[in-house]
Ligand code: PMP
């Protein structure tokens, strides 16, 4: 077998090797049909079986709470930034946003194009290096929803405690941390995530929502942008990204095999602790960017003393087989994305590389 890279890409990102190998084994002839899953009708029994299995597996992992539905949509989480207010931010309402960083800001920018918004909390003053206190939010009565970004992929921060929004639906962009740990879905009206970090390949966006939030799309909305269209048609109104959905189903099976979300969380904590400890024990050679209490389990952002040294780190890391350690172009620095499928061994190798690098340059 060819050597796998130490893959720290932010997304699309590492997938479990077992999943890739299973997909490979099924690639040419899926379940004896004589064709790959990509070559068959999305209206046929075989594909529909996979499609429905992926949706029910996802709900199962989240404890199957009453009244929640799964949609498989296209256009990435970025499309949800617009589709959410188009469907729910109706006349006379306002939508609350917690401004935690780059992705939260993109979400609110789209909502402003549709209707009234307000900032419920922000960590802008802290340069988005922390998650703001959301324990005592006061929301207006006409709030359509409160939107949070559960994990800021670029800054490397993550919510610990989610806000209690009472009767106002809490909605989360969970693109970069969905299924990294157990969470109580019933706290949320809706969560959505592009698949390409923790769920599978790019091409499909998962929406999990309380059914009543999906049934009241304004009359004037074009068919394809309406949540009710996709709900009424089991996400088969038009051709779905069938291969991506098949891969999501395989990744969900793999999560079950890891001990479900409890097992995944345990592994993620071990992985994150290993890397944050290496940063914190470097005597200031490596410096973590995010506030310690707001640190992400998924995206570890850190810096070196100078940009030149960071460039050297990236160059040498690439020569050693490490991929994706360059920070996002908007913030610079370094970032290791350690999603569910990144093995402990990759992080161990990274920590060893960091120690060697410090020995030579410290
Ligand atoms: N939200 C978050 C938190 C993200 O990390 C990303 C992608 N990196 C997006 C939204 C945008 O996702 P997409 O490219 O699927 O539109």
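A Cβ is built for glycine as well, from the same backbone N, Cα and C atoms used for every other residue.
Quick caveat, the model's predicted, so the values are computed rather than measured.
Listed in TrEMBL for this protein:
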type	residues	note
DOMAIN	6-350	domain 'Aminotransferase class V'
BINDING	43	L-glutamate binding site
BINDING	77, 78, 103, 153, 173, 196, 238, 239	pyridoxal 5'-phosphate binding site
MOD_RES	197	N6-(pyridoxal phosphate)lysine
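Here the features listed in TrEMBL are placed on the structure.
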| residue | record | Cβ neighbours (10 Å) |
| --- | --- | --- |
| 43 | L-glutamate binding site | 9 |
| 77 | pyridoxal 5'-phosphate binding site | 24 |
| 78 | pyridoxal 5'-phosphate binding site | 16 |
| 103 | pyridoxal 5'-phosphate binding site | 21 |
| 153 | pyridoxal 5'-phosphate binding site | 25 |
| 173 | pyridoxal 5'-phosphate binding site | 29 |
| 196 | pyridoxal 5'-phosphate binding site | 24 |
| 197 | N6-(pyridoxal phosphate)lysine | 30 |
| 238 | pyridoxal 5'-phosphate binding site | 12 |
| 239 | pyridoxal 5'-phosphate binding site | 10 |
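Using a 10 angstroms CA-CA radius around residue 43 (L-glutamate binding site), none of the binding-site residues in 77, 103, 153 qualify. Within the model, the domain 'Aminotransferase class V' (6-350) shows a mean pLDDT value of 98, rounded to a whole number. Under 6 Å, Cβ to nearest atom of ligand 1: this is the test, and of the binding-site residues 43, 77, 78, 153, 239 it is passed by 77, 78, 153.
Looking at residue 238 (pyridoxal 5'-phosphate binding site) and residue 197 (N6-(pyridoxal phosphate)lysine), their Cα atoms lie 24 Å from each other. Residue 77 (pyridoxal 5'-phosphate binding site) falls within a helical segment according to DSSP.
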